[in-house]
Amino acid sequence: MIKRERIVKSVLAHVPKDAINQFVSRGSTPTSFSVLFMAAIVGTLAGLVGTYFEIAVHFVSETRTEWLKSEIGSVLPLWLAAILISGALAFIGYYLVNRFAPEASGSGIPEIEGAMDNIRSVRWWRVIPVKFFGGMGALGSGMVLGREGPTVQMGGAVGRMVTDIFRVKDDDTRHSLLASGAAGGLAAAFNAPLAAIMFVVEEMRPQFRYSLISIRAVIISAIMANIVFRAINGQEAVITMPQYQSPELQSLWLFLLLGSLFGVFGVVFNKLITIAQDSFVALHKNDRKRYLITGTILGGVFGLLLLYVPQLTGGGIGLIPDITNGNYSISILVMLFVGRVITTLLCFGSGAPGGIFAPMLALGTLFGYAFGASADMLLPSLTIEPGVFAIAGMGALFAATVRAPITGILLVIEMTNNYYLILPLIITSLGAVIVAQLLGGQPIYSQLLHRTLKNDKLRQQDLPENQA
């Protein structure tokens, strides 16, 4: 608490207290202008954190590669050096999470949703550094994780930090700025401001308190974060790939079929994630040493995979252009799909600080392109472009697992600049959502939050017995 007070005083030291009070609130309720101004601050900071997090992860990955090529690779066998470097990087991520902020494990998005429901606390002074540096280690080791979950959680933590610095007491304002930070984080992760806004409005709809001021705050935060991202990284799309034209109307039924298949897989995939998480808990039994040893070994394994099968490692964003350029046969695509399903479950299920958006997009691309290539062979009468099915698959798997079809559609369009494919994306994503709902599947982040709350309750019940 003392450190937090020092932060507040240092920020506001040269601003008259009366001016702060007049700006932030009118009575006990913040003014609309002050909320939007704070949302702009949140978006700017979330954009900086998210953008430099991406830069930091790339720096770690490039440095790891350079070390293998030069100093360490010349002293030790290459395979051993790869295992040691990636294992050490993974250890950093697991240790920081376990020691300082257990809530920073995994994606972090369920934690923000829980905070919006006032059932999870946001220790921003711990979460931001732990997620940033822990994520650098985990993602830099080559594990199959995405950066969007960390940036959303760090963005939400930035929103809570700003409300604490400005001593905002109004619950609705604190809620709005928390959601604004999450939107800013996603906008900075994927250069996708529209998807970031819709993610809060659609995926977080059970927790989000709809009002004109809260919507405006989310929009402003996403815009500011995206401006920061583009100012630093440029205005190119995150994924470089061909620009496709809208497919023939006669082939639209294939997109519905593809969406249905993804609907089935999405339900199975979500259940497999829970099974993987429970399996890792059963393996290390919440013992710190066993947890760190398990994570370090897993990181070392992915260091080895980086040398021999790099397609099975990393978030997968870099793999997507190779897929859509037709560099792999159908059989290879299927094997890569199965392999990346396994590696995604291993990495995300282990509790490493990383997200699952990017790995899911890669999985959707793999299966979607394989489906499109197969359809092109079996239906020569139709003009089929497999790359279109790859893009549709990205949105469909996101929609089936996260249960946010509009967000998935916007995310894919913004990331690939393929605006002409909105119709097949809608058909595929809605088909996936409908099938997933019919099968009774739960949205992934609601499922993860429920599991976290359940495990916390069980630990609290066991605490008196252990103390006794």
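Each Cβ is built from the backbone N, Cα and C atoms, and glycine gets one as well.
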Further binder of chloride named by Swiss-Prot next to Ser107, Ile356, Phe357, taken from the candidates Tyr210, Tyr291, Tyr445:
Tyr445
Going by the topological domains annotated in Swiss-Prot, do Arg167 and Gly440 sit on the same side of the membrane?
yes
Correct range for motif 'Selectivity filter part_2' (source Swiss-Prot, candidates 26-30, 146-150, 246-250, 456-460):
146-150
Contact check, the transmembrane segment (330-349) vs the transmembrane segment (253-281), 3+ Cβ pairs under 8 Å, seq sep 6+:
yes
Give the sequence-ordered set of same-chain residues, not counting Ser107, Ile356, Phe357, Tyr445, with Cβ within 8 Å of the centre of the Cβ atoms defining the chloride site.
Gly106, Ile109, Gly146, Glu148, Gly149, Phe348, Gly355, Met360, Val402, Ile444, Leu448
Please give me the CB contact count at 10 A for Glu203 (site 'Mediates proton transfer from the protein to the inner aqueous phase'), counting all chains in the structure.
25
Would you mind ranking the binding-site residues Ile356, Tyr445 by how many other Cβ atoms sit within 10 Å of each Cβ and giving me the lowest?
Tyr445
How many other Cβ atoms sit within 10 Å of the Cβ of Ser107 (chloride binding site)?
23
Tally Cβ pairs under 8 Å between the transmembrane segment (77-100) and each listed stretch (124-141, 148-166, 422-438), then give the stretch with the top tally.
124-141
Sequence gap of 6 or more, Cβ distance under 8 Å, 3 or more pairs: do the transmembrane segment (422-438) and the transmembrane segment (253-281) meet that?
yes
